[in-house]
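Sequence annotations record features per position, and here TrEMBL assigns domain 'Protein kinase' to 25-290. Annotation comment: TrEMBL describes 382-414, 415-447, 448-480, 481-513, 514-546, 547-579, 580-612, 613-645, 646-678, 679-711, 712-744 as repeat 'ANK'.
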Amino acid sequence: MAGEPMSSILQQPFANVNYFTEDDFEPFNKIASGSFANVFKAKHKLWRVNLVVKCSHLFCEESSSFERNMSHLLQEAARILEIKFKYILPIYGICTRPAGIVVEYMNNGALDKLLVRYTLTWMMKSRIIHEIAMGMNFLHSMKPPLLHLDLKPGNVLVDENLHIKIANFGLSKWEDYLSSKELIERSVTRGTISYMPPELLNGPSGVKHDVYSFSIVMWEVLTQQKPYAGTNAMAVFVKVVAGERPCLTFIPENSPQECAQMVDLMKRCWDWELKRRPAFSELVLETEMLYNLSQSPHIQVDRQIEIPNLAPLPSSSSIQNSKIIADIANIELQNMNLVSKSGVNDDLSIDRRELLQHLLEQNFNNVKKILKKEHIAMNFVEDYTLLHMTLFTRDVELVRLILKYGGSVNAQTSRGLTPLIIAVQHGCEDISKLLIEEGADVNLTDEDNWGPLHFASQNGDDRIARLLLDKNADVNIREHDGWSPLHMASQNAHENIVRILFTRQASVDLQDRDNRTALHIAAYHGNYSIAKLLIGQGANLNKIQVGFKTPIHLAAERGFFRVVRLLVNSGADVNCLDHSHFSPLHLSALNGHTGICRYLLKHGVNINQRSLQNWTALHLASMKGQITTIHLLIENFSDVDVGGDREWTALHLATYYNHNDVVSELLVSGANPDATDVSGWTPLHLAAHKGRLCCLVKLLDHKANVNVANRFRWTPLHLAVLNGNAAIVKRLIREGANLKAEDMYQNTPLQLALKHQKQSVVNVLTGEEPSNDYTTD
């Protein structure tokens, strides 16, 4: 990429522009290529940070317009370098060899890639839309306004914290000399025609061009779809000019109520009439409002690591075994029929067919009669040998005969099954004993590293387990997930196996791949007698598995009272904390296990222990509506007004999740109805915003302040208006709500109702009562 330095253009460089060359960087790595530019990632040798060099094809030194384009670039760079704003991608300077601009490297790439890879939450979508509006408002507020003219998800970059920065702004200004027709043609080439406004056909539209592009970006963020997918580029522009816009049916049906307001805003942005499109100075106010409405704390409960349900294999039956034999014999006979049609037939294949036919018909006596030594070497589907096949017959004499003729006692199928594993799986003690006497390896495993002792322990077959252990089976053998025979027996409550394993020095605290011991397994499944045995053998009561959960966490979370009581009485730490700093009380309260909560409280658990998100057990119970548990926690002096994440109290959570009985219980117990979170929201704000009429009535009955204003100066009445809930608006007015209160955007409730077309609410506010108290827009 090296070339001669530019001379004439750079003889009098701009003082505030940084100049780079290829020599300032480690080797370039191309990360994107298009019709407009090549994009390279490179580490700066001195700064030791990754930067991006974007080399436009307009700056090719062989181009006849090179000097003019570079002059534009330098003039814009000198101006853009002065731009410092949170949501604008900073430009570090100009690369002179190769010619291009040097910008910050963004770890998560462009927004269009993010929208394809991940399903975004509503709060994330509203934040992205608001941040784009913030960036564009900044550009348009400059004197004179700096237009983007190429706003699309591909020009919105995402950092490691999923915040956005707008890129490539101002670059289209370098092409001012292009006509509208040429600009449309170039948009088709770049694949950006979907973001071009219809008035472009008649000439530039100035700042309203970017507003239209923003509306299409909004649609793409809300739907996570491509606009006009599958439509020819020029056909798209024809549709747009004819008044067609992206389909609204792609908006997810489960979107919250704020999404409808966002859609209304989007439709105003793509309006045909330029004067009806709001300026970004207006847009940021509305997107900020909608983003703030979307914010609520999220209670992060560690995903429970599911313990695989390794249920015992069903005991062997003649029907099951016959089906296995029949399946294998049928496949083999079908294959042989195909071979015989090709003319290949010999004595051995005739013997093979006869043998398979007898197996298919379950005529095992005839198998014994025709069996020859040369049959023993036969291999069937999935590498089953004749010995493997005959194990399903449970015929000890047939197995003995095959072994006498030289059957391989340690032969393995394609899945690693040995004759001994199959015999143990199906509980064939006599055959297992015969195989071991003939030299079967008691520690040979299948493809998942399951050995015979794993199967015996899983099935609870103590006679075979003892037989294997007497022949030096490894008592602590581990399968591919790290489970030992003790883990298997503990899961399936096989007390007899556990006792036998301990007589052979089984390790009681052996941990699997997720650091679970047998006691974790027993606690998770509520196997009391097994847990008691394990503790009696010295099991570590406070051993931690993945997620820092101890056995008492698992038993408390799943509601196994007897196991919790056993662990507590044996000395388990009732105040141990998992990865999220949840104690056993948090988990039992979350799931409404009141008896366990009572027992833990009796034995010294900290009732006001905070999680990493500052939640107490009362917060979690309130979120889930566990009324009996809440009553117990309050009786034991849990702080009803303590703030959790974003300073939400239990009353905030109960209101938000619409648990009317919990709201009543908390209020009767002295909870503050006017408690505020970090943004000044009270429970009454939440009730009005979410349409929780019953909760709202209870809060007002307990003297909640009807005119309390949050940080954005929204009163409950403002929020009820935005929600379009006429019944709540009427109730608030009846309680003395101020109809003239202004929010931070100088909107009264009536102005909001008119602006957002909430007609039933307008009727209430203007004195024209709606016919139905429960009318909503």
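Cβ atoms here come from the backbone N, Cα and C positions, even for glycine.
Whatever TrEMBL says is automated annotation, not expert-curated.
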**Q.** Residue numbers, six or more beyond the limits of the repeat 'ANK' (646-678), whose CB comes under 8 Å of its CB atoms
**A.** 295-297, 618-619, 621-625, 627, 630-631, 634, 640, 684, 686-687, 690, 692, 694-695, 698-699, 702-705, 708, 710
Q: Sort the residues of the repeat 'ANK' (481-513) into helix, strand and coil with DSSP and give the three counts.
A: 16 helix, 0 strand, 17 coil
(Q) I need to check the long-range neighbours of the repeat 'ANK' (613-645): which residues 6 or more away from its ends have a CB within less than 8 Å of a CB in the stretch? (A) 297-300, 580, 583, 585-586, 588-594, 597-598, 601, 607, 651, 653-654, 657, 659, 661-662, 665-666, 669-672, 675, 677
**Q.** DSSP-assigned states of the repeat 'ANK' (547-579) in counts, ordered helix, strand, coil
**A.** 17 helix, 0 strand, 16 coil
Q: Just give the helix, strand and coil counts over the repeat 'ANK' (415-447), going by DSSP.
A: 16 helix, 0 strand, 17 coil
Q | Residue counts (helix, strand, coil, in that order) that DSSP gives for the repeat 'ANK' (382-414) | A | 17 helix, 1 strand, 15 coil
